[in-house]
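A.B. asks: Reproduced below are the annotations present in TrEMBL:
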| type | residues | note |
| --- | --- | --- |
| REGION | 77-115 | region 'Disordered' |
| TRANSMEM | 120-139 | transmembrane segment |
| DOMAIN | 154-326 | domain 'Thioredoxin' |
| DISULFID | Cys201-Cys205 | disulfide bond |
Amino acid sequence: MASRAIWRSASRFRNFHVCLCTHTLRQCGSSVSFSPTIADYLRRPSLPFLQPVIPVGAGFKSLGICGRYLSSSAAASTSTSDNQDKSSSSSKANSEGTQSSGGSQQSGSDAGKPVRGGPVSWLSFLLLLATGMGIIFYYDKEKKRHIEEISNASKAVKEGPSAGKAAIGGPFSLINHDDKPVTEKDFLGKWTMIYFGFTHCPDICPDELQKLAAAVDKIKEKAGIEIVPVFISVDPERDTTEQVREYVKEFHPKLIGLTGTSDEIKKVARAYRVYYMKTAEEDSDYLVDHSIVMYLMDPNMEFVKFFGKNSDVDSLTGGVIKEIKQRKLKR
């Protein structure tokens, strides 16, 4: 009976000790076995009910059993946790492998399937291509039409009537070097070249009249056109009919010299847009500043073209012939 009671007490103590050790291990997070012996626990006042039941010698013998039990239980729990960790990691690895193998299988299966059409189908591509070609064709057509309109407009401007004639020329009444009255009507039916100057001009007027006389002869020689050269004085105070007669004879036998009163000269100069003005005077000797221009007038005494000082004999000859031929073609 006594031994049975001791065995019961030892079983209770062992269970109690296992429970106490397990609780402590859970709190500390460690699997280290407890170092205190059963005798120490028996000596504590907190366990008085075990002291009369368990002898001291039996307690040390139970210590080995309890230590082996605790060691084996701790090792078992450690191995169990390790096995659980390994199993969890292996299960994760297996799941990942399964997923990867599944993905590879899926990709493999997808590789075998026919690829579906992209976001742009052949029909939409053809429609887009047709639209682009239509836009390009439309703009090309509009561009050609616009260029045609500009070309037609420019041709119409070139071929159309002139906006107006230069307001050069007009009626006049003067006296020629033979002391006879002359008007613009006396030159109708003839091509005329008119030059304004004065007989006391030192160099410019003689040069221009020589150029005019040479051009008149060349025009007659090249084109067979008769040109009437006319000299109008802008110095009525000194250029009398006698002075003008002697002057024009020096240049060309067909050169006609005209003069008149101050008012008559002002009128004709204004009609032909000719500028003239007296310069520095010393007694009766002075110069007249004036425009250096030759005017080509048609048989109706209408202005055709003017030629300046920069035109030489050849350019003057060619320019006059060209203008006369163009006028004849238009008629």
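Note that the numbers count up from 1, one per residue, in the order the chain is shown.
The backbone N, Cα and C atoms fix where each Cβ goes, glycine too.
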A.B. asks: Take the Cβ of Cys201 (disulfide bond) and count every other Cβ within 10 Å, whichever protein chain it belongs to.
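C.D. replies: For Cys201 (disulfide bond), the count of other Cβ atoms within 10 Å is 18.
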A.B. asks: Grab the same-chain neighbours of the transmembrane segment (120-139) for me: Cβ-Cβ under 8 Å, and only residues 6 or more beyond its ends, written as numbers and ranges.
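C.D. replies: Long-range Cβ neighbours of the transmembrane segment (120-139): none found.
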A.B. asks: In the predicted model, what is the mean pLDDT computed over the domain 'Thioredoxin' (154-326)?
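C.D. replies: Mean model confidence (pLDDT) across the domain 'Thioredoxin' (154-326) is 90.
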A.B. asks: Test of understanding: give the count of other CB atoms lying within 10 angstroms of the CB of Cys205 (disulfide bond).
C.D. replies: 23
